[in-house]
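Participant: Below you'll find the structure I mean.
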Amino acid sequence: RMAQNGTTENGVTGANGDGSPPMPFPQPVKVQEIRHTKIFINNEWHTSLKGKTFQTFNPATGVKICEVEEADKADVDKAVKAARAASQRGSPWRRMDVSSRGRLLHKLADLMERDRALLATMETIDTGKPFLHSFFIDLDGSIKTLRYYAGWADKIHGKTMPVGKCLCAWNFPLLMFMWKVAPALCCGNTVVIKPAEQTPLTALHVGSLIKEAGFPPGVVNIVPGFGPTAGAAIARHMGIDKVAFTGSTKVGQLIKEAAAKSNLKRVTLELGGKNPCIVFADSDLQLAVEETQKGAFFNQGQCCTAASRVFVEEQVYEEFVRRSVESAKSIVIGDPLDPRTSHGPQIDQKQFDKILELIDSGKKEGAKLECGGVAMEDTGLYIQPTVFSQVKDHMRIAKEEIFGPVQCIFRFKSQQEAIERANSTEYGLASAVFTRNLDRALSVSAALETGTVWVNCYNALHAQAPFGGYKMSGNGRELGEYALAEYSEVKAVTIKLTEAL
């Protein structure tokens, strides 16, 4: 069902009578021109030292948004030099008292509040995610993360690591930026950030806000570029003390290897997932359907936490499948800038093709395609929300991270069987349990080999709660107090007094 031309999925126009959504919906900003497309170093905008640029496209239309300066190894060197200078003893950043550091983080959050609609619009045209998701989820989470760590700034003790490097993913560009930068700045580090080449625009706009907020030059540096060049230069750089990366497991392995072969820099990795949900017969079935569908289809399924494996107890299996199909068919697909839209396009052609190939493999291997499974005609990179039933554990769609709008529903007979099958994966990022039995919820949560377990909910992420994975889903933790340890070192100083106290 398409949302376009001011018409909702059921053909009823908005409450204002002119096709516009009923107020008080926030409205996208009409972006005439992208102002910030250069490399951000020392609070100034720079062109690429090699004179290279790359293009970024709107995945909903395929139209080029703008050209962005492409950072290479030489630009990374320049950014690291600026970051190291800003971290030296006697620098404005090192001399700043911790309360002032917290005030700067709050000031940055204030500026993001001011530019919230603009940032949400930029995030939407760059990623294809629905505008209201950008506004209420990505921007809200980013601002709350900044404010959370602003509150920590004068309450922590530890030695900072001079230069941290952050490599951000394309699925949540601004949110991942803040998950890494906020705790790093809270701890007094300086940072060099490489946004994903598919989605660099909001990171660069935040660069302008960092300068406006009053952060000293060199504290935050942003180098848009590609993984094999700028990203590889960062992972190998001898002047970087810490790398934080969100992305694929394959790239995470390369980063960890490069970090080990260079200066043994510390690494935090938030990687892939094949996340299980276990739905017991005693659960609130409608709640379980709604939450697992949100988990599967939120952000077009392009989430490391995507609920791609749903194990349902056999007594309620058929009813769960029926309701899930009904729910998936009601999802509104359309222009991401239309407030009625809840499902946008995939990020690019490569991801689009990969998802369709895996859907095809599911059909060939014998899973039952209940709905979806095809691309939308005459639109951008849209794939219909897809539900498979009768999925077996050996199938590719049951084992491989799809990173698309595909929900696989499995049948189970016993609690122990469900736990064993849920854990039968190389990943261990997130999971969920749906039951009214508190004892069962606690015992199953303890048995699941994942860094996060949600009970009767999904994708409930908060700045206060640590997030990270087991096994091939990565190591280290982001968010919460635990993230502070990732950006600081412990030092013991022993003093022998000449006189007894």
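Every residue gets a Cβ built from N, Cα and C, even glycine.
Quick paste of what TrEMBL says about this protein:
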COMPBIAS  1-13  compositional bias 'Polar residues'
REGION    1-27  region 'Disordered'
DOMAIN    48-493  domain 'Aldehyde dehydrogenase'
ACT_SITE  Glu270  active site
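Please situate the listed features within the shown structure.
Facilitator: Over the domain 'Aldehyde dehydrogenase' (48-493), the average per-residue pLDDT in this prediction is 95.
Long-range Cβ neighbours of Glu270 (active site) (same chain, at least 6 residues apart, Cβ-Cβ under 8 Å): Phe245, Thr246, Cys304, Leu429, Phe467, Gly468, Gly469, Ser473, Gly474, Gly476, Glu478.
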Participant: Provide the three-state secondary structure of Glu270 (active site) computed with DSSP.
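Facilitator: Note: Glu270 (active site) is in a strand by DSSP.
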